[in-house]
Each structure stands twice: as structure tokens, then as C-alpha cells.
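J.: Here it is, the structure, as C-alpha cells.
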Amino acid sequence: MRSKKILKDADVTAESVFNMDRRQVLKYLGIGAASLTLSSRAQANVLDWFKGNDRPRPAPGKPLEFSKPEQWQSTLPLTPEDKITGYNNFYEFGLDKADPAANAGILVTDPWSLTISGEVAKPLTLSHEDLLRKFTLEERIYRLRCVEAWSMVIPWVGFPLHKLLALAEPTSDAKYVAFETLYRPEQMPGQKDRFIGGGIQYPYVEGLRIDEAMHPLTLMATGVYGKTLPPQNGAPVRLVVPWKYGFKSIKSIVSIKLVRERPPTTWNLSAPNEYGFYANVNPQVNHPRWSQATERFIGSGGILDVKRQPTLLFNGYADEVAALYRGLNLRDNF
Ligand SMILES: Nc1nc2c(c(=O)[nH]1)N[C@H]1C(S)=C(S)[C@@H](COP(=O)(O)O)O[C@H]1N2
Ligand SMILES: [Mo]
């Protein structure tokens, strides 16, 4: 979702590159054996540009204990684990889909501190251990729909946000919830360099209305595929709001603040005519630069057999969430 590019095309290119190894990329660039004649500096630049599919991925997470409530299981085909953990948007680590997996290994996620503050009777701070042990964890298989028109089906592990909010006891003045990602430029290169970080403002911030935040579907995810989240997916804890475009699902959260007024949100600040506060998935409301009527489902196939499928209103969760928006014009409130 770079501001100035047609995303669909940029995206397909990124995914083709993601599926190649380094040798194939050099060949594709026409510099296989010839790269020996490039100065090492030029070579380094090329490899920089291609940002390291050969770099080791961060270690997989630790196994978690969780239940699998029937209600949240699904017969949809799952996106394979290596794509969920290798094809990411986490601009703090770079813009290409392979960048977060290549670069997020340096992020220290333990110790961690998440504070819940603002319009609450009992402000609290949760440690890394609290996040993994204080709540009963359950597996929930959700669709994820990125605003860039690709989608996945992901087996998250986590707990509903309303359980965490209940501990803090929101006051009657709590009308919205404001979330903030870690700000740590020494470990997040995109926060230091506008070129790497895509020119958005950091820390990344997001927000929900209080009723959206309290909805039983709204999840705090601490794991995926049965293990703790890898850093590229937002360790140690990230939000998952499955009926909204993926950019609402903010990663690596350090602050949750209950507030009276609608909080600013990163992509809306960056391009208010393209990314709204609500960001509900809606096949009938196009992005100004591309259609949202269909999506590319990232499944087990290679890039040549990625399935195009219709986009579903509220990403398929209309039965659960449509009532939240009764009387709201979804075209104006995109
Ligand atoms: N802090 C932060 N959170 C973020 C993003 C980001 O760049 N920074 N990208 C968002 C976008 S656009 C999407 S689609 C999802 C992707 O989550 P995934 O990489 O785990 O699939 O994370 C969202 N959360
Ligand atoms: Mo996204």
C-alpha cells in the first residue's frame, strides 16, 4: 500500500520475488555469473535491493497450550505456515513482503510491557509472561483480507480483547480504543529511515470504536499455527479484527488506551481519501486506485495458481458484525 504505486502490480512482483531464491533472482536480473564482474559494492546494492531471502528466518515460536473451540474452527483451506510467516506487511521492517521475515529477527519481544490506560477504573501493565499465561488461549481460524486485495486463512491463537478490557474496567466515557505499536528505531529500521519505512508516521497507531473492540470476534493474538507469534507477525501480541482490512490489525502492541474521542490511525493519516477509520471489508466500495470486488487467495499453490475469489461483505463475518453498523452509510464511512 505504498502511496504512489498501483498496488496490485507491485504486489504480484513482490510475491514472485518472494517465491524465488537468491540465485534465481540474480538470474532474473540478468546478472547470474556476470555478477562476478560487478564490484562488491554494486553487488551489495543489488542484494540490498533484493533484501535477503537467503537470510535465516527468525526461529519458529514456542509451542502454546490452547483449546480449539468448535465455534472458531473452519473447513476453509488454510494458508500454509511458511506463507503466513514469510509474506508480511510490517513496514517497520521494510516494504517488501519478504522484508519482515528477513529483518524482524533482531526485535526483542521478551521482556515486553503492554499498558492499558486512559478511561479505565483499573489501569494495568501486562508482561510477556502475563500475555501468554493470564488468559485462556484458544485457536481461531479467521480470514485475513489485506486492503491490497490479497487474502489468507490463518489459524491464530489468542484471547478476545474484551477479556483484557474487562480487567481494566472501562468507564462510561470510554468511547474508543487507541492502540500503539512499539517505537524502537534501533531495532526497527523503517522507523529510522523514511525510504525503508514507506514514509508513514511512527509509532504505528490504530483504533476501534468501543463496541468493535468489545465484539467477541476481536482477538488479541499471541500465536499462529499453535506456536508463539514470530516477530514478523507482530510478536508478542497483535490485534486481529477479521472483518476489517488487515491494516487495522496492528502488531507488536505496547499501549492500549481507552479514550473519549476517535483516535488518529496511521493509514488514515497518511492518505485519508484512500484509507478510512472503519476500513470494513466491502466488495462494493473500491479503493480509489483499484477494485475491491475480488481478491487473490494465497493458498498452497505457487503464484501461477493463486485463486481469484469474490470479496465478501465484512470479509464473510456479516452475520456477526453487520448490526454494529446499522444506520451507518458504509460508502461515506469507509
Ligand atoms: N505495526 C504495524 N502493524 C501492522 C502493519 C504494519 O506495517 N505495522 N501492517 C498491517 C497490514 S497492512 C496487514 S495486511 C497486516 C499483515 O499481517 P501479517 O503480516 O501477520 O499477515 O498487519 C497489519 N499490522
Ligand atoms: Mo494490509
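Glycine is no exception: its Cβ is also placed from the backbone N, Cα and C atoms.
Summarising the annotation, TrEMBL assigns Mo-molybdopterin binding site to ASN88, TYR91, GLU92, CYS146, THR181, ASN233, ARG238, SER249, ILE250, LYS251. Residues annotated as domain 'Oxidoreductase molybdopterin-binding' in TrEMBL: 109-267. Residues or ranges marked as region 'Disordered' by TrEMBL: 52-71.
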J.: Across all the protein chains here, work out how many other Cβ atoms are within 10 Å of the Cβ of GLU92 (Mo-molybdopterin binding site).
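T.: The answer is 29 other Cβ atoms.
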J.: Just checking: which of the binding-site residues THR181, ARG238, ILE250 have a C-beta under 6 Å from ligand 1?
T.: THR181, ILE250
J.: Tell me whether ARG238 (Mo-molybdopterin binding site) sits in a helix, a strand or coil according to DSSP.
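T.: Note: ARG238 (Mo-molybdopterin binding site) is in a strand by DSSP.
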J.: Is it possible to get the count of other C-beta atoms within 10 angstroms of the C-beta of ILE250 (Mo-molybdopterin binding site)?
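T.: ILE250 (Mo-molybdopterin binding site) is surrounded by 24 other Cβ atoms within 10 Å.
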J.: Taking ASN88, TYR91, GLU92, CYS146, THR181, ASN233, ARG238, SER249, ILE250, LYS251 as the record's Mo-molybdopterin-binding set, what's the max Cα pairwise distance in Å, rounded to a whole number?
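T.: The span, Cα to Cα at its widest, is 19 Å.
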J.: Write out the long-range same-chain contacts of THR181 (Mo-molybdopterin binding site), meaning residues 6 or more apart in sequence whose Cβ is under 8 Å from its Cβ.
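T.: In sequence order, the residues whose Cβ lies under 8 Å from that of THR181 (Mo-molybdopterin binding site) (at least 6 apart) are GLU92, TYR202, PRO203, TYR204, VAL205, ILE250, LYS251, SER252, ILE253, VAL254.
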J.: With an 8 Å cut-off on Cβ-Cβ distance and a minimum sequence separation of at least 6, pull the same-chain contacts of ASN88 (Mo-molybdopterin binding site), or say none.
T.: LYS97, ASP99, PRO100, ALA101, GLN232, ASN233
